[in-house]
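Summarising the annotation, Swiss-Prot assigns ATP binding site to G163, G165, K166, T167. As annotated by Swiss-Prot, region 'Domain I, interacts with DnaA modulators' applies to 1-75. Among the features that Swiss-Prot reports, region 'Domain II' is placed at 75-118, with the record citing sequence analysis. Residues or ranges marked as region 'Domain III, AAA+ region' in Swiss-Prot: 119-335. For 336-457, the entry in Swiss-Prot reads region 'Domain IV, binds dsDNA'.
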Amino acid sequence: MDAQLNNLWEQALNIIKGEISEISFNTWIKSCTPISISDNILKLSVPNEFTKGILDTRYKDLLIQALKIVTSRKFKIEFYLESDLEEEKENEEKQKEEKKENTNDVDGSIVVSDEMSATLNPKYTFQSFVIGNSNRFAHAASLAVAESPAKAYNPLFIYGGVGLGKTHLMHAIGHYILQENPKAKVVYVSSEKFTNELINAIKDDKNEEFRNKYRKVDVLLIDDIQFIAGKERTQEEFFHTFNALHEENKQIILSSDRPPKEIPTLEDRLRSRFEWGLIADIQPPDFETRMAILKKKADVEGLNVPNEVMVYIATKIKSNIRELEGALIRIIAYSSLTNRDVSVDLASEALKDIISNKESAPVTVKTIQESVANYYNLRIEDLKSQRRTRNIAYPRQIAMYLSRKLTDMSLPKIGEEFGGRDHTTVIHAYEKISENLKTDEGLQSMINDITKKLTQK
């Protein structure tokens with residue numbers, strides 16, 4: 001943001017602050033970031049579609065009025081989603097890279113530009129990460145790697161459920177390394193983007209450029225690495241990328257929703273390499289950590305939230321950080337839209353749909369076994385037995401598949417629940433049913449029916 005635009009925006013904010021409540025100001029107006037101003041049009045960046053809709057319908061006229069007071073001119077206001085702007089920026093960067101194709105080094109290698117580092121989220125730093133018992137080990141491992149890249153643990157493999165902070169730690173590592181060494185070549189990418197770039201490289205006959213891009217870096221961070229499983233060409237390419245970086249003593253950081261040994265259809269040679277360094281897990285946050293996360297979020301966003309409301313949220317939302325912070329924002333939005341103070345009663349109203357779903361009976365391996373046994377007119381003991389006749393073996397595989405899909409239980413634990421079977425048996429069952437689901441409509445219907453009954457109890 002240039003100085004003139006910044007000054008204009010700050011003056012407008014001071015006017016608006018006196019016209020609406022503190023909650024509304026902090027929730028909606030402060031979420032805007034000015035992008036540019038020209039031809040009597042002010043362009044503002046907003047975080048999501050919901051916020052965009054509220055600003056457009058409730059606060060647009062107020063923004064226009066404030067700008068008129070400051071500048072004596074009438075401006076139009078245009079709102080843009082941050083995600084759209086990021087995509088536009090990526091496209092611009094891609095075009096720049098394409099223009100550089102003919103100006104690469106003599107050996108044809110691509111120099112990783114500073115723009116690659118721009119893919120890191122500025123909000124995801126070690127300073128903004130809330131440490132608790134559930135993530136202390138993963139945080140310590142990440143900090144050790146950031147302080148001594150390729151010397152502490154290589155690779156670092158972080159795993160855990162959705163929304164628990166894996167991506168936050170990966171970005172924090174990248175930021176820390178760049179802060180200590182601005183010339184470091186740090187690349188963060190999702191496994192999906194890695195795969196898509198590989199596909200495009202093959203299609204456009206640019207394999208060498210693709211390899212140079214990922215093999216001539218100091219730090220490679222790949223998120224959701226489990227998604228390369230089952231993709232033979234991607235696994236082949238990443239295997240050689242991993243080897244090239246490791247041999248050159250470059251740092252590799254990977255994240256996944258499960259440990260390497262539990263990723264189905266992952267090649268053994270990759271699985272073993274993922275286990276070369278340190279494997280660190282992140283568990284769902286305990287109550288104290290959930291409270292700390294909520295207080296941190298409230299402080300950062302400038303929100304005045306009573307302690308008893310945060311206790312209520314932390315008691316009701318236990319699964320992950322994303323849902324926890326989302327619940328807080330939902331309550332603040334509900335307060336602003338209904339023009340009521342934030343209270344436990346208001347929080348209960350705002351979260352009633354979310355909480356009612358959360359408090360339904362959890363799906364367990366036992367409930368899955370009961371449902372599958374009832375469907376096939378079997379006993380649970382049959383599913384746990386060592387019998388391998390098809391009328392028992394196939395329902396057992398279905399129950400194992402559902403256990404992997406609908407519970408957070410590890411593969412070895414699932415195997416134990418089915419008569420002490422090995423985790424590889426569970427992987428085989430999961431892969432077989434997954435494959436059959438692609439063509440067997442009867443199986444699809446049955447799986448959907450059982451899943452619906454289990455999740456709506």
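Counting begins at 1 with the first residue displayed.
Cβ coordinates come from backbone N, Cα and C, glycine included.
Using DSSP to sort the residues of the region 'Domain I, interacts with DnaA modulators' (1-75) gives these counts of helix, strand and coil: 47 helix, 12 strand, 16 coil. A C-beta separation below 8 Å, combined with a sequence spacing of at least six in one chain, links G163 (ATP binding site) to S319, N320, I321, R322, E323. The ATP site is set by G163, G165, K166, T167; from the centre of their CB atoms, other residues of the chain with a CB within 8 Å are G160, V162, L164, H168, L169, S255, I282, N320, I321, R322. Around T167 (ATP binding site), taking its Cβ as the centre, 18 other Cβ atoms fall within 10 Å, counting all chains. K166 (ATP binding site) has a Cβ environment of 25 other Cβ atoms inside 10 Å.
Residue density at G165 (ATP binding site): 27 other Cβ atoms are found within 10 A of its Cβ, drawing on all protein chains shown.
Averaged across the region 'Domain IV, binds dsDNA' (336-457), pLDDT in this predicted model comes to 87.
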